[in-house]
Structure formats: C-alpha cells, structure tokens
C-alpha cells in the first residue's frame, strides 16, 4: 500500500538502523527501513565484510559480514518493511503532522516519526591517484570480499587510520609480505592497534606516498613510492594494493530538512531528538558532546531514538521497552 502510514521510518539500514528496527518492534511500532544501497548493512557490509570487529560488548570477535547477517536476522523478528535502492532526498511535515519522505526515484513514503541512521551519509571511496593506476584495475582494492585473493602475495596497504592498520594486520598471516604506506607519521588509530602494528612483521613506510604503478600485461609487479619529506623515491615489489584513503561523504539534501547540523552530523540532545519535532538521529548521523563513534555506542543510541519516537507518538507510553527476555514474542 503506497500511502500506508508507518509509526517510524528509519532512514539507513546499517548496523544501527537494523538494531533500531528490532527495538522498535519491541515497542510494537509499525516500522519501515529505507536504504540507498542494494542491500542493508551500510559501510560494514561494503568495506568490512571480512574484517574482524572487536569493539562490541559480549562479542569477542566477529566478521563484518556475520555481524550484518545477525543484525538483519534480528531486525526481521518483527517483520519491518525494508526498502533498498532508494535514497531519501526530502522529508516534509504535512499539515496533519505526518512526514512525507520522497526518494530520488520519486517514490513517496509516509511516517509519523523519522529516525535518521545514515551514518555519515552516502559515501564514495577516495581513489588512488598515481601514474599508470588505470593499467592495473584487478590489483587495486578498495574493499575486501575474499581474503584468499591475497594469500601468498606481496600486498601493500595505503592509509593511516584504523581501517588501514586493521587490514594490514589481518593480511599479515595470509600474505607473503605486507607493506603499509602512510603519508603522515602519527597514525590516526587506536593506541593498541598501533602498538600491535609496530610489533608485527608489517613493513611500515611513514611519510611516503604511492607515485607510480609498474608492471606488464595488467599484472602489477611493483610500485614507486616517494618520501614527502626528502623527495627520495624507492621501488618496492607489490602484487596487490589495498587502498584506504577514506571516503567522500554526502549528506545530500539533509541540510534542507530543517534541523541543526554541525561538522560531524546532526545535532541531537540526550534523547536523540533533533531540532525538528518528530525527527530523531542516532549512530554516526548524530553528534553531541563527548560522543563515542563505535558500533557499540550506536547500538545504545538507536533504542534511545526509538523510545523518544514512541513517547512522541504516545506521551503516556513507558519510557522504554520491556526487556526482550520478558517480551511476549519470546515467551513460550
């Protein structure tokens, strides 16, 4: 039913959006998820399917793909409507208080409340810029679907953040050799990850950038890197590249939706309320003082946003859902 009105529509089907959908089911809210990508899972599905995630309480280690699969299964407990391949470009509050959401393809959705869980927005990876980069498309990787493609190869990872360091360490026991190229000196990563990296067999090249790819017949053989302090170049043998230079994020038309934005997202209060009544935000979409940007924190913010949406609809409703072990859906 195209004109069906939902209690809550969650924009974004990443980990936080999926868990928010599960929690909204605990609150007996009719729920829809709208995601711009072909499938739910967000950046975790796209960038980290084989990366080991360790910063969620009670889960010592899990791959990104398995985390997304578990969250999707959990989200589907209460049968939310899931719409993919639609990017929401406009949210308008109608005279009756219902929000009209318009997608890039012209589709219209109606909802009494909206929870924004789009992360940093839609994203596009920053591509490697170097001589002959177009000659070796199969050797350049921006995400990893299968670690086995790197087995017994000489691999170079380029980047200096958590993801680049994690991938270098993940590839170390699989690849024949791993190089890590970073244009800076101080890695922008967790202290323990940096310590482990420096104690590993990964060969680190700080203050270096990739300048040229060398090979024949579309087969990469080596790369030329340059020190940005001395301008001295050197060539290192490399069969595969993993590039982690961050992403270009696009909040799209959100700036026109009426709520307050800051440098790192949508401004919310401690109830995940935006400055527009009825619209809430959580996960990397939201920003507030002393925010922690890890999945575990977002999994906490999602239920807060849903509870606020529930109270917006029903001011006399309980402040929070009954814990799942006591919920009627899981008893008997």
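Glycine too: its Cβ is placed from the backbone N, Cα and C atoms.
Annotation comment: Swiss-Prot describes 35, 43, 48, 88, 123, 284, 325 as FAD binding site, evidence class sequence analysis. Long-range Cβ contacts of residue 48 (FAD binding site) within its own chain (separation 6+, distance under 8 Å): 63, 64, 143, 163.
Taking a C-beta cut-off of under 8 angstroms and a sequence separation of 6 or more, residue 35 (FAD binding site) has the following same-chain neighbours: 12, 13, 14, 17, 42, 82, 83, 84, 85, 86. Between the binding-site residues 43, 88, 284, the minimum number of other C-beta atoms within 10 Å of a residue's C-beta occurs at 43.
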